[in-house]
Structures are given as structure tokens and as C-alpha cells.
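Swiss-Prot lists Arg33, 72-76, Tyr84, 116-120, Thr142, Ser148, Tyr245, Lys260 with the feature substrate binding site. The site 'Important for catalysis' feature in Swiss-Prot is assigned to Tyr84, Tyr245; the stated evidence is sequence analysis. Marked as hydrogencarbonate binding site by Swiss-Prot: Gln141, Thr142, Gly143. Look at Swiss-Prot and you will find 253-264 tagged as compositional bias 'Basic and acidic residues'. Taken from Swiss-Prot, the feature region 'Disordered' covers 253-272.
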Amino acid sequence: MTRQWETLREYDEIKYEFYEGIAKVTINRPEVRNAFTPKTVAEMIDAFSRARDDQNISVIILTGEGDKAFCSGGDQKKRGHGGYVGEDQIPRLNVLDLQRLIRVIPKPVIAMVRGYAIGGGNVLNVVCDLTIAADNAIFGQTGPKVGSFDAGYGSGYLARIVGHKKAREIWYLCRQYNAQEALDMGLVNTVVPLDQIEDETVQWCKEIMKHSPTALRFLKAAMNADTDGLAGLQQMAGDATLLYYTTDEAKEGRDAFKEKRDPDFDQFPKFP
């Protein structure tokens, strides 16, 4: 099925599009297998932030342009002393900010993977809530081969997903794994033919959109809290506070303060 994705904002190195409640963020550097630069990451952070705040968006897809690569990680040509060097000549690892944003954004994020998801590209796959893989997808880590590593989500959370032994194999040997192998180890949710991947991904989005956004928000926060320590608990606590603010009980406390009177909390139930 051909879809008319609406461009929400123009960027240089990514695409940010919308279709029937779904946002799609596409890394648009196919000439380098969608390797990211500091600018690519900054643009993705901006797009994801906009998707978070847009009440017309319920689910977000992350993908790469073309059929050959989802993302091959950081562009090694931009790697300098102390990080990846952007136009401002400051070395950065701002992809860590992007990883965290994908984790805390209160909407499901689905990785739609075609071709290579290697290095930092595989880590982006790992931090997404769900992964739909095409049958030509290839996954793996290359850090130790190129003098790099991800000691955060790319290793610790990966080990939660595939198991510690398998995660060590992935990092220590730097092998590549096909889509079926990724499915077998729990790295992806399903594998579909390449020409059907967008149809399948949109179908998953549509199913998700039928469900309670508040329930999904808390489920995501709860699952992340298990691995994100106090930062994860802070996110879940913040979500709980936002939900509480919508109740009559919270409004009574606010209104009493504004009206300079004592609040009447006795009117609210004390559930066991």
C-alpha cells in the first residue's frame, strides 16, 4: 500500500513525517548506510521532542532511508578526539541524549529495520520499544573493532533483552546476525518480507492506537524503571503526578490554595 506521508518539518539529514496519528523519523543519509553525525542526532532529538509534544501523534516509527540500512552507527569520518565533531567543532556523544529521549518519551517507539542495524544503529534499535525487521535486516556491534563501545544501554540493556552470555558474544566477537537469528534471540519482535515492512509496522501502530494512552504511558515507564534506576523511577513518578493533577482531589488542593481556604479532602475515597 502506498501512503501519503505528510512532511511536518524540513531537516537536512533526517525526514520527519506524519500519517494518521503516526510520526515517522527517518535517518536520511543512505550514501553512508545512514550513519549519523552530531547534526543528524540533533535533528532527531528535535523531531522526537516535537512528536512527544504533538497530541495528534500516538506512535513514533524510527527508520532509515532506503532498503540497505537502518543505521550503521556514528559516522567515523566525523569522529575526532573525544567524540564526534560537528559543525561547531565541539566533540560530542549526543546520541546518548537521543537514546534517553527515546526511552522516556511517553509514546511507543517502533524501530522499522531494513538492512544493516550495526554499532550505534543497533543500539538505537535496542532502546526502541518494539522492532519490526525486514527479512534482509542485519544486526551487530562493531565497537571493539573500531576502538569504541557502548557501556550503557548498548550493553547493559542489551543483556536484559538477549541474556548476558549472548550479549557478551555480540560485543566480544563483533559478529553479524540475520533477521531470523535476531528474532530467535529476542532482539526483534517479528520478521516480515522487505516489501511488506511498512504495511506491517503501520498495522502494529494502528493496533496500539486503539488502546489507552495513559495505560501505555505507565506500562512503558514501569518497564523502563526496572532498568533505569532512579532516573526511571523519576520518570514514572512524574507520570503519576501528571495523572494525579487531572483528578478532582488534586484540583481541590489547588483551588483551596488559590481561594485561601482549607481543602476538603474528606470527600474523596480512601481505597484499600
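Including glycine, each Cβ sits where the backbone N, Cα and C put it.
Where Swiss-Prot records a feature, it is marked here on the structure.
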residue	record	Cβ neighbours (10 Å)
Arg33	substrate binding site	22
Gly73	substrate binding site	26
Asp75	substrate binding site	19
Tyr84	substrate binding site	24
Ala117	substrate binding site	34
Gly119	substrate binding site	25
Gln141	hydrogencarbonate binding site	28
Thr142	substrate binding site	19
Gly143	hydrogencarbonate binding site	18
Tyr245	substrate binding site	12
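Distance between Cα atoms for Gly143 (hydrogencarbonate binding site) and Gly73 (substrate binding site): 10 Å, as a whole number. In this structure the alpha carbons, written CA, of Tyr245 (substrate binding site) and Gln141 (hydrogencarbonate binding site) are 43 Å apart. Classification of Arg33 (substrate binding site) by DSSP places it in coil, neither helical nor stranded.
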